[in-house]
Structure formats: structure tokens, C-alpha cells
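Reviewing the structure listed below.
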Number of protein chains: 2
Amino acid sequence: MSVLTTEPDAVPAGEEPPDTGERHRLTAVTGLAALSLDAMASVAYGPEAIVLVLAGAGARGLGFTLPVTLAIAALLAVLVASYRQVIAAFPDGGGAYAVARAHLGIRTGLVAAASLVLDYVLNVAVAVTAGVAALTSVFPGLYGHRLWLCLAVLALITGVNLRGIVESARAFIVPTAVFISAIFVLIAVGLFRDHPVSTASAAGHASVVADNATTVGALLLLKAFASGCAALTGVEAIANAVPSFRVPRTRRAQRAEIALGAVLGLMLIGLSVLIGRFHLQPVEGVTVLAQLADAALGHNAAFYVIQFATMILLALSANTSFGGLPVLLKLLARDDHAPHVFALKADRQVHRHGVLALAAVSAALLVFSGGDTNTLVPMFAIGVFVGFTIAQVGMVRHWRAQRGRGWRGKALLNGGGALLTGVAAVIVTASKFTEGAWLIVLALPALVAAFEAVRRAYGRIDTRLGLGLLPRAPHRERSLVIVPVSALSRLTSEALTAAASLGDEVRAVSVCAPDPEDRVRDRAFARSWRDWDPGVELVRLTPERHGLGRPIAAYVRAVAAAEPGTRVTVLIPEAEPERLWQRLLQNQRGAVVAHAVRRETDAVICRLRFRL
Amino acid sequence: MSVLTTEPDAVPAGEEPPDTGERHRLTAVTGLAALSLDAMASVAYGPEAIVLVLAGAGARGLGFTLPVTLAIAALLAVLVASYRQVIAAFPDGGGAYAVARAHLGIRTGLVAAASLVLDYVLNVAVAVTAGVAALTSVFPGLYGHRLWLCLAVLALITGVNLRGIVESARAFIVPTAVFISAIFVLIAVGLFRDHPVSTASAAGHASVVADNATTVGALLLLKAFASGCAALTGVEAIANAVPSFRVPRTRRAQRAEIALGAVLGLMLIGLSVLIGRFHLQPVEGVTVLAQLADAALGHNAAFYVIQFATMILLALSANTSFGGLPVLLKLLARDDHAPHVFALKADRQVHRHGVLALAAVSAALLVFSGGDTNTLVPMFAIGVFVGFTIAQVGMVRHWRAQRGRGWRGKALLNGGGALLTGVAAVIVTASKFTEGAWLIVLALPALVAAFEAVRRAYGRIDTRLGLGLLPRAPHRERSLVIVPVSALSRLTSEALTAAASLGDEVRAVSVCAPDPEDRVRDRAFARSWRDWDPGVELVRLTPERHGLGRPIAAYVRAVAAAEPGTRVTVLIPEAEPERLWQRLLQNQRGAVVAHAVRRETDAVICRLRFRL
């Protein structure tokens, strides 16, 4: 499984690196680049979310873009500071789930876990839609097909992850660096202009700004604030991955965290300044970022560079969910809260289930949102804030428990953060309830309930299995092997040889369908069996009704009932052609019999595959 | 499997009736009702196909509706007559495939089979789209969603067939009777009117009649004729099902065939007379039949009765494909031309594959045609005519071979029919090539090629298996059973008991992942194993890389190589919770190991399921 968020180098599924040395681990700089992807990418939809809300109050509303952004930047500062403390307190990483489990009890831990699961899923959906929005801003013609584009991109990412190929964290450094520098260039250049160079991309698009300039109410500002907070997603990534850093891990991680905060904050503020400066009007079908690029750098190569950098970064950030979710699920599985499958490392089949599940849910979300980022962003924000809040409340508990030097200050800091994010969560939920937030309100408790149900189920299973206690010693029983046969061939003799080796007694069973032609075939078969004389009794079953599996299963049941002390085994021979398409030619008799015997008896089922 | 076209009473999959007596079989009348479904249903789209082509030449073109229809009626007469002869010559039914196999060699038989397969698929698509068209004619608001409606109806029919519930042929009698009488009432009433009572349904729909009245060329008339011939589909059904009739089968079947021809012919001619009388103009979104109902009976209850009767009949006629195709595939499978799965009677799993395959292909066709009947009808016609032509050429051969009384006349009749249908096939293909006919032109030979490839593959497989010759006698070998274990539980002891009963030697194998925590777990496990002391050696594998299946498979290979005389069996224990959702909780270790061992070794795989 790809384990991006907890290992320096994720690797193809099916293998895992022999324990890697320090030099493979991350420094503050590489760590920043490798782990800040999601946070940076959120710059692409964060400011947009603010502007769109404010646009509801017309041009005057848009005037409040900067203040709202500054508030968000302040919250960012608080978050970064408090995550610095999380890093110090939990050098083993793990994030909200770990913190909550440690200080707030299992139930809260599960709430945190559920919110994280939702985040991973929503991150895929949001990143994909935002990425496609960046694309359609360049090629407006594609706007009509954005849902299909989203699904296509999702399919692509899924395909890559199915093949188990996950780029090493290092591979993220370049695009992240390109994106960051591009944004800063945009801001720098923009600050030297008094009016937009170009508005080409926005031209001919319907403005979404309300004409009737209503008064700008506090609620509107709160909504804008809450939506904009989506820009803060990903701030926690570094704290989750402390073990990936080079020693002194904590210090390096903390530096990276602060750098992340600084860069993200500057980008947000810078962009919002430009938005005000250029009196930018959000329009349908063109992202705010695209308009800013236009206005600051003109509708030229630079514009395209920014759009494509954005798109690629967003695609990669969607990809990180495919790395992160399995890690979380593994933790949950180890605590018996998720199917143990997820704890089964390094197996492609299993890995695939996770990837496909994530893809399916994300696809559903994409369809639900019609490929529109701004429907998804609020839902995303809710999950993120729930996580933030829980983590920080946990930290408060942590400090109170330790009562170390200046614990009050630290506790206060985390407490303040918790309050802010908690309020934000409530606002987003309340203000966006009808527009999709209800989905989260339902999904979160549902997930928690599921986690607990799974835990209980495992408890029952373990007691049934008598796990932990010494089971009674195994003993040898008389073994009877039953072999379904329908014709004489190498396969038959191969099967009987295997059966003779496995059983004290062997019986061959043939089923004769209740129609004349088959009766004839059956008699002929019996004759040739006598001629062959393999020294194995041939039991001929002649049911009244058609069917292959049921009669055999019934016979097996009867035998098992008649000879209690005996262990009955059904050995099913199957010819396996070498070419794959030829497998389609196999009469599924084997599968049918196995299915029936499995469902209706307790016999052991052996399948002998005879390669052709 | 539902076997509508060859048995009087199709039955739920999974069972088949004990051979049914005469009284269950069909009389001429019931047979007509039970087997004429498809033919009658084609009245719903046949005339429409004609009118639409002629509309291309404006009002003057539409004037030729009656003559074209008369030509088609004439062809119908020829077909009926020649199928009367088919019935006499092939009392065992089987239709084109049987005739062609008998008189024209395997290759031609396969062409006929391929055309039949295409017919079954296209019949589903055409019937569904036409049924939905009947519905949207009543509720124009639904017209925009017709593709989704089609897929919904298809899903419904598929669902019904998946459950294996197929109505007995008798159930078709009522709707067919209702439909036929409704149409005749429509015609009768219509003949007493000089001008339409109502044009409500057509009102406000775009006419598709070309304004520039061009000259009506011969080619146009041929195209109209060819398209209209779609109305002849289903004429062969009775000939395919002779064995379902009461004795004297041949005579009753022949009567039914003639009745079918008469009824169908009268309906076609009657409708086309009305079309001329009411100067009906085909419009988009309303079927011709709907307009006629409107014109003759008025936009009242009667109108709705006709539309719904049509819809239901068409849905049922789509359903017949789900009954017919399996029968054909069974015949093909018996001749080694299709996977033997299809010859495996009376098993739901298998039955499902067929149903789902048919549904999938039909769905693809629906999407391809955008839910428009008139794109599909020509394709449908091609397949049908190829079948007709082959069947009749075969009959000509048949008569020449027999040289019975008046064989020349009979041969001439069939020859004429073959010529007409052959020409029709060529015309449709040529005139509709770009509009979808190319699909058939590709699919037909592709199917034939596939049939032959399958046959060859089976040939190779049989020789490899040494089928037919007596295989060498089975012998006993030393048996070593390997049991993968990971913890001590009832399951473990159960598994070792089974293994001990099956093998001369038993070895337990555990895999230790290359990380510290797992090493600890592994050592603890080894200790508890020693405490338990089951008398079975525990082999502890410690691969460098993560992975469960591969190490075990590698070990099995090594053992098998080291001890040539020994038969190695891998016994995989799995706990099976009682509730279905709990199955999700199973760690897929068993599946993973089985997968790897199956792929990388020749060992027999036993799976022991321990019910909780």
C-alpha cells in the first residue's frame, strides 16, 4: 500500500522497502515540499470560496475579501502554532486520531477518525473538480463537459493507484515548488499594476455578482470566513508525518510546519489584495485564480503555466488521499474498528479493494456535486474542522495532564484554536446544511457507528474462535474423499490419484440429468468406467430435477450424516487452459459444485487444477 | 433457463418440469398467441419505418405507403408459405440454424446462428425503444428522457429474468389478444371515418416530412420496402417451436403459421390504408400508431388502452429474447461452438451470466442509438433477413435432395422467398450502412469467427485431456499437507485435525513480516505453539519483503521440488461468520494465500470453512 503520509518513500504495492536509513528521510525543506501539497493546492479554491460568498452582497460585499482573508490568516497562525505543539507532544505522528484516542477516549477518537476518512474522500472530489475547473478556465469549451472530465481524471488517478505505482514523496517537490513560485510571481507582478492587463478569460462569462448591493451582514461575513477556511486544509499533514523527518525530527517538523504556515498565509493575503486591487468579479466557468493570472500577467504563456501548474498540483493532491486513507484504515483495523483486510500489508488484491472503494465514493460525490467545486468545499471544511477541533481539545487535556512549564499558555493557545475551528465547523454546517452539509451530518455518526459495530463483531468472533486460549489438540480421523466426475480423461485419473493420496476411501460421483439423451450418456460413461476399472467406486446420482451442485451436496450431507466419525472432503478437478481467454471455455461445473457444497455442507473443498 | 421458444412452459431457472404431457402443449390458437408475440409487436414499428423513409420525399412520397406495404404483405405471404414447408420438413424445430446445418454445411449454419444471436440482442433493443416511444407518445414530457427510460425498462426486464422468473407462454396470450383486437378495432373504426377525429398527440410536434417534394425514385421505394420489412420479424418463431404443439404437431403449427401471416398482413395493410386516408404526417416524438389511434378513436380512453397494450406487448417481446438466446447458445455449446457453460442446464449462477451479458450488449445498443427505434430497426432487419435467406436456400437444397412430389414448386417457392429476403437484406445494408448497418456487417463475421475459434480451442483442449481414450490408472502417493497458520484458535486445531486426516505428514507454516512489531508477535506465537504442542512442526518463514502469499507459495514450490514423489496439498482454514455483512470482516489472508499458491504452484488447494 502506498503510505505516503508516514513513510519517506512510498513504494509499489506488493513490496515495502527494507528499513530505510536516515538519509532517506526528510529535511525541513524537502518535508515542506513533500507534505505541503494539499495545503498549497487549497489556495486554488480557498479564496474563490470567499469571493463567491461575498459576491452575494454585490460589489460592496467583495470589498470585504481582504478582512475576511486576514481573519483566516490569523486562524492559520493559531493552527500552525498549535500543531507545532502537537508535533512536540506526539513525535510518533498519527494526528487527530492519535491525540483524541490518547486524551479523549475511544469514542472521540473514532469521531476524529470518521472525520479524517471523510476528508480523504472529499479531498479527492474537491481536488479533482478544482483541477478540472483550472483546465476549463483555459478551455471554456470544455466547461459543459466538466463532470465527465472530472470522472475521467478520477479514473486516471485510480488507474495509476491500482497499478500500485505511487510516486515517491520527492516527486512532489518539483510541481509544488513550481506552483508556489508561480503564485508568488503572480502576486509580485500584480502588486506593481493598478489595473488588470487582461480580462480575456473572464470575457463573455456570466458574472455571479448580485446587482442589488444588500447590506453586508455579520452572517454573510461568517459564511465567507467559514467557506474560506477550506484554504486551511492540509495544515495537519506535517504533524501526521513526524516520523518521516530526519533527526532531530521534532525540530525539523516544527520548522516545516511554520514555513508551511508562512507560505500559505502570504499566498492567501497576497491573492486577496490583488482581488481587491483589480476589483475582480467572480464569473461562472472561470476560476478566480485564472482571472488573477490574467489580470496580473496577461493572457499569455504565464497564464497557461499557472493554470497547468495548478491543475497538476491538484491532481497530485487528490492522489495523496489514495496514500493517506490506507494508512488510517490500517490503524483502525489494528484497533479492530475496520476490517482486518486493511491491516494486511503489501498485497495488491487487498490494496485494490481500498483504491476502488475510495474511487467509487469519490465518483458518487462528483456526480452528486455535478463536478462543481463550490458544492464540495463546505462539506470538506466541516470534516477538516471537526478534526482540528478534536485534536486541539485533546491537546488542552494533554497540557493539563502534564502541567509542564507554561502549560497554561499552551493550553490556552490550543483552546483558542479549538474554539475558533469549532465555531467555524458549526457555521459551515449551519449555513450550508441544505447544500450538502447534511450529507456530512449523516455520514459522520454513521461511520462512527460502523466502526463500533465492527469492533463488537470482532469481539464476538474472537470469543467464538476461542482466541487466546489453547484449543484442544488436533486428532486424526478417517477420511473419505468424494470426487465429482463426468467423463474419462487425464484430469479424472489425476484427480483420483490426488484423492487416493488424501483419503482412506475414495468415491467418484456422477450426476445424470433427467432427460433421455443424458441417461444414454450416463450409461455409456458407467460402462467405460467399468472398462477402465480404476479401483474406485462410481456413485451415479439420478435426481428428478436438473441441477449439478444440489444433488452432489445432498449426497455429501447424507454420507456425512451416515458416517459421523469420518471427515468428508470433496475434491473438485478442473482443467486450466494456458491462455486467459480460454478460461471462458471452462464449463463452470467445478465452480457450481463448489458453490453448492460450500453453501449446503461442512465438507472441506479441495480444488485440483490441471494445467493444460 | 427459460426455454420459451422450444418448450410449452418455460420455468424458473434452477428447475425444469418433469416431462410434460400432451395437454400442456399448444393448440393452433394458443400457439398463435403464445408464439406470435414478436411478430405482432413489430406492427408497432414496421409501418412507422416505411412512413419515415417515404417522408423523405415529402407528401407525394407518403402516397406510396400503401403500395410498399402491399409489397411487404406479398413477401410475408411467401415467407409464411415457405415456413409452412420448413415446419413440415423440420418437425423438431430449430429454425435457420438447424436447416442450414443440415443442408448448407457448418459454416453457413454458423452464419445463421450469428444472425440469430444478433436478432435476439437487437430484438431487445428495438422492442424496448419502441415500447418507450409508445409511452412518450402518451406523455410527451418524458420524450427528453427516453434513453434513461429505455435503460430503466431494460433493467426491469433484466431483473425479472435474473430472478429466473419467466412467465409461462400462456401468460402471453392475454396481452397479445388485447393488442390484436385493439388494433383491429382501430382499423375498423378508422375505415368509417373520412378525416381524423383528433390530432391532439401530434399537435405541437415538429413534422419530419420534407417540404421540397422531390420525385419519388425507385431507390427510395426500395429503402422504404427494406425498412418496412422489419415488420416481418418474428414470423419464424412458430417454425422454431414445432415440438411445443399438440399432435398432430406439424398440422397445428402450420395452421398457427398461416393464421399468424393472415393477422399480421391484415394489420399492416389496414394501418397503411388509414395512414393514407388520414394523410398522416410522421412527426418527431409521437409514434405513427399513436397518431392513428388518435385519428381513428380520438384522444380518449381508447387511445391510452392502445398505447399501453402496445407498450406491454413490446416489453414482453423484449423478454422473449431472454428466453430464446439461452436455447440457441445451448445448441451452439453442444456443438462446441460456444462455451460449455451455456449447455450446463438449470443453474442459476450460469443462467445469470447469460442474462447479464444479453442485458449489457442491449444496453450498449440503446446508448448507441440514443433510445431511437428507427436507428435500430434497419440493423434488426438485416439479421432477420440473413436468417430468412439462409433458411430458405437450405429448404431449396432440402427439396432437391428429396425430389418428392412437386418438389420443383416447393423449391421455387422457397427460392423466390430467399431471393426476395436476400435482396431486401442487401438493400437495407447498403442504404443504412453509415447509419449503423456497418455494425452488423462487422459483428456477423466476427461472431462466426468466434464460434469457429471456440470450436478449435475445444479440439485442442480435448486432445490435451486425452478425452475418449482410457487414462492411466490412478495410484496412491505420499501426501504432505501444509497449513498456513497465524494464531492459535479453534480454527487452527480444526484445520490441523483435517490436515492430519488427509495427509501422511502435516506442516504448519507461519509468515513473519519484516518489521519489529511483527517479529515480536511471531516469537510469541512460536512460544504458544510450543506450549500447545499439537505434534505438528511449525515452519516459520521470515521473508525480507512484506507479503503473505508469495513466501508460502515459494515454500510450497521448494518442498515439492525437494520431495518429488510427494503430493503437496495446501489446506487453508477460514472462519466464516454467520451474518453476511460480517464476511467483510474476514482478513482475506485465506484468499491471498490461495491466490498466490494457485498462481505459482501445482499444489492442490483445500479450503476449510469453519462456521461460527
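Positions of Cβ are set from backbone N, Cα and C atoms, glycine also.
Automated prediction, rather than curation, is the source of TrEMBL annotations.
Taken verbatim from TrEMBL:
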REGION    B:1-22  region 'Disordered'
TRANSMEM  B:62-83  transmembrane segment
TRANSMEM  B:120-140  transmembrane segment
TRANSMEM  B:147-166  transmembrane segment
TRANSMEM  B:172-192  transmembrane segment
TRANSMEM  B:258-281  transmembrane segment
TRANSMEM  B:301-329  transmembrane segment
TRANSMEM  B:350-370  transmembrane segment
TRANSMEM  B:376-399  transmembrane segment
TRANSMEM  B:411-430  transmembrane segment
TRANSMEM  B:436-454  transmembrane segment
The transmembrane segment (B:172-192) in contact with the transmembrane segment (B:147-166), cutoff 8 A, at least 3 CB pairs, sep 6+: no
Whether the transmembrane segment (B:350-370) meets the transmembrane segment (B:411-430): three or more C-beta pairs under 8 angstroms: no
Whether the transmembrane segment (B:62-83) meets the transmembrane segment (B:301-329): three or more C-beta pairs under 8 angstroms: no
Selection from B:258-281, B:301-329, B:376-399, B:411-430, B:436-454, the stretch that has most Cβ pairs under 8 A to the transmembrane segment (B:120-140): B:301-329
Distal contacts, the transmembrane segment (B:376-399) - CB-CB under 8 A, six or more residues away: 45, 49, 79, 82, 85-86, 89, 95-96, 99-100, 102-104, 108, 111-112, 115-116, 118-119, 122-123, 125-126, 129, 226-227, 229-230, 232-233, 236, 365, 369, 407-408, 410-411, 414-415, 417-418, 421-422, 424-425, 428-429, 431-432, 435-437, 439-440, 444
The transmembrane segment (B:411-430) vs the transmembrane segment (B:436-454): 3 or more CB pairs under 8 Å: yes
